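Contents: one structure, followed by commentary.
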Amino acid sequence: MIRQCRAGLRLCRALYQTSYRWHGKSACERALRYAPGESIHGFTVNEVTPVPELFLTAVKLSHDNTGAKYLHVAREDSNNLFSVQFRTTPLDSTGVPHILEHTVLCGSQKYPCRDPFFKMLNRSLSTFMNAFTASDYTMYPFSTQNAKDFQNLLSVYLDAVFFPCLRELDFWQEGWRLEHENPEDPNSPLIFKGIVFNEMKGAFTDNEKVFSQHLQNKLLPDHTYSVVSGGEPLNIPDLTWEQLKQFHATHYHPSNARFFTYGNLPLEIHLKQIHEDALSKFERIDPKTSVPPQERWQSPREYSISCGTDSFASDPEKQTTVSVNFLLSEITDTFEAFTLSLLSSLMVDGPNSPFYKALIEANLGTDFSPDTGFNNYTRETYFSIGLQGINKEDSEKVKAIINKTINEVAEHGIEAERIEALLHKLEIQMKHQSTSFGLTLASYVASCWNHEGDPVDLLKIGDKISRFRECLKENPKFLQDKVKQYFQVSQHRMTLSMSPDEQHYDKEAQLEAEKLTQKVKALSEEERKQIYEKGLELIRLQSKPQDASCLPALKVSDIEPKIPLTDLDITYAGDVPVQYCAQPTNGMVYFRAVSSLNTLPEELKPYVPLFCSVITKLGCGVYNYREQAQQMELTTGGMSVCPHIITDDSNLDTYEQGVVFSSLCLDRNLPDMMHLWSEIFNSPHFDDEERLRVLVRMSAQEMSNGIPDSGHVYASIRAGRTLTPAGELQELFSGMDQVKMIKRIAEMPEMGPILRKLSRIRKYVLLSDNMRCSVNATPQQMPVASKEIEHFLAGISRSKKERKSIRPHVVEKSSSPSSSGSEISRRATRKLVGDPTFKPCQMKTHFSLSFPVNYIGECVRTVPYTHPDYASLRILARIMTAKFLHGEIREKGGAYGGGAKLSFDGIFGFYSYRDPNSLSTLSTFQKAADWAKSGQFTQQDVDEAKLSVFSAVDSPIAPSDKGMNHFLHGISDEMKQKHREQLFAVTHSDLTNASNKYLTAGQCTRGTAILGPENRNIAKDPSWIIR
């Protein structure tokens, strides 16, 4: 990684000798040498501002000819990011900005090949590539650690957004079209097709999405926020190709653009390329895309909408959602918005907040309503508060509670200790280093900057915290005054309620059918003929091999041959192995521990995920659950627990099962954090039925709401269930089985039996037996951390008697980070369990859900991580996705997404997402295997697949996560280097051999699962299990 970056620096020096600021200086130092008024490649520097609390320097510029705005954030970070965003303000719900976002990425003047965006995924080492359509802007970001790659991607992105082809057939494919159900049969019925059309149909199966969309439309009804920028499925077929091209001409202009770059590459190089490749070809215009302020109401308003029923609701009679919404300040008033965001957090976050106490614990609903809290994605910010999972008759009660709570906060204010806890949380957020910090910043400033706000002022979080403290000091009722101003005096207040309608999806289907009939009836014979011919033309185009030679590409030789090594020190605290990893963590300490589940009785296993979810939220030691939450907020950045299932790296029938404990804190708070863990381990509370009931209902609601967004994940977990012993446990812990179990628990009248099961689990898990720990911190902090870990481990219990593993076949594997590790590190072992008698079997499951689209997973058992064929299968999955499945499933089939992947557990999986098809997609999966076996791909395709795989292998790792591959998965640097060498060595014949060996129908064991609407063909097939 370091060598790769240095190679990039040498390239930059060779190309741009004029970049004098680049030589021998840090990114921030170089940026500070710019002067306001200085001209650089057609741009003028407007402002240079150091922001020390975020270790960055911001340089604000504008383009002389076009007025394009530019923000460069210089930071010593090799994961460099580019983004360009346009203010896109549609006035109808045809989805024109969303369809345009898709279509500009389908080919451009310099790169006329079809789909350069997806092709660049395989010609680059990008760490991120995507595009987003928000309510009022469209953003195109990418990031990479390679300087040459940055220039390649920048060239493609600039040409895509400013000089796209916008071909009619691309509009048909990406947006919508009328096409015969079977495009080759003119007698088959005409239907609506299109990627965005199907994507939005899938999006609106999510009731939370439906609610959020209506909330914004109705609270801000005067301009662009009154429409669906992503597209309302019934309105999408009203968009014409001409309208799409016109929207591009008026909105995708440099005068309406905001450029953002981040990282340690020199600014001059970016400016030169952007000016020469794009901006020099334009003159300034007035884009007329500004959003006027919403006219404030004179009296509150109320609305009611309907949605689909939730088959996973814990109480079918309680499926109503109600919220009260308040329009707040302009987003460009950055301090006011900052203050209101803090006030919102204080009012709704955690069990000590007024609204949590008043609403969540009122036993009326399951969770807060969607969008609860502060929303700053529109020109004017807003606050939303409400409940979901309530009885419709309780709507008035909820509204009354909201009013009462607002009045109480206005009168009594917020406790000082809670304010300190929130400011502590902000301090941690500023110190914590993520690998995608550039993308985080680009997204953070996007909305405010979009409305002419100052993005640099937004970054000065330290200044805002100081000013906030000063305001509180000068006026102790500062926050109470804000509550009165925005929640009591203001009349711009909207109440929205949503209730299920059993006929909702039928009505949607009927309206779509009527729209279709209307469109078809209006067709002349000549137009019908053209539709048939265009359908055939689109298939020919989609099936035609693409020449992508016009696109820039890295070579496999650009990939660094060796991995950077991570120094790990493994010692013992008593008989517990502890991994120490010294890193520049910026004054933070990261603690993890793994506790084995090997001795846990089988009947308690299904309750492990619930145990993990609630163990840090029930109270412990001297703290009740409210006090515990307050202590966690005051002294930590969070404490979490989750199940841990890791398949062995050399045997698919062996796996580690456990629970992972994770937390982080500032250096100064390490003793307090470890004290909290001691209290949780030694004295957890399992005596509050009402508290558990609240947590279970929230968990059940969250799982149910997550299915429309993660349906393909649930399908894939289910499909892999019968292929390995770990797969069975994965389904139990994270699959549809867990969703249904939590739903059943939420329906139970008494929580006592569940509390007793959780208390029993504690006796097997919250012990130092079969535990290992890890710490990531600065070298200076390590001696203190070591003492605290030793003190913690010495103070927690051990089993009073030796417990045997429930599964008799136990495998001990060394935890040493290298074969030449110290004697102490070689003592450390991980205890895995195996089932030598396990026999994988085939199973096909269909979960019949009231969705208009399908989520599909098909899995094949292959080989473990260290097997020589694992590298071939990993590259095979990428080549099948890029060269076959993307075209068949997305372009031809109209699904939002689909592909193949190889997971660490040796499961080769096919999947599709928001897919209008079901059984035909399963046929496509088999065709993909046949295509791979036939070897219909080139050496160039193999090299591109390697680039794509290495972009994931070499993705940046934050200081907090260094060494985690070894600690959690048992993967050492030596093993990673060997795998790397195997990836480099994969040949064309290796891929065809792997396809024949592992993907041949009848020779491999497969699991299949579909989540989606009723299917008559599946219902008639006895080989399917229908749930």
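Any Cβ shown, glycine's included, is placed from N, Cα and C.
The transit peptide annotation in Swiss-Prot covers 1-22 and rests on sequence analysis.
The Zn(2+) binding site annotation in Swiss-Prot covers H98, H102, E199 and is backed by similarity to another entry. Around H102 (Zn(2+) binding site), a 10 Å sphere centred on its CB holds 21 further CB atoms from the protein chains shown.
Within its own chain, E101 (active site, proton acceptor) has A131, F132, T133, T138, Y140 as residues 6 or more apart in sequence whose C-beta sits under 8 angstroms from its own. E101 (active site, proton acceptor) carries a helical DSSP state (H, G or I). Annotation source Swiss-Prot lists active site, proton acceptor at E101, citing similarity to another entry.
In three-state terms derived from DSSP, C550 (disulfide bond) belongs to neither a helical nor a strand segment and is classed as coil. For C550 (disulfide bond), the number of other Cβ atoms no farther than 10 Å from its own Cβ, over all displayed protein chains, is 13. Sequence annotations record features per position, and here Swiss-Prot assigns disulfide bond to C113-C550.
Per Swiss-Prot, the feature region 'Disordered' maps to 800-829.
The compositional bias 'Low complexity' feature in Swiss-Prot is assigned to 814-823.
In this view, H98 (Zn(2+) binding site) is surrounded by 27 other Cβ atoms within 10 Å of its Cβ, with every protein chain counted.
Of the recorded residues, H98 (Zn(2+) binding site) and C550 (disulfide bond) place their C-alpha atoms 26 Å from one another. For E199 (Zn(2+) binding site), the same-chain residues that are 6 or more apart in sequence and have a Cβ closer than 8 Å to its Cβ are G230, Y896, R914. Within 10 Å of the Cβ of C113 (disulfide bond) there are 16 other Cβ atoms, across all protein chains. When the alpha carbons of C113 (disulfide bond) and H102 (Zn(2+) binding site) are compared, the span between them is 15 angstrom.
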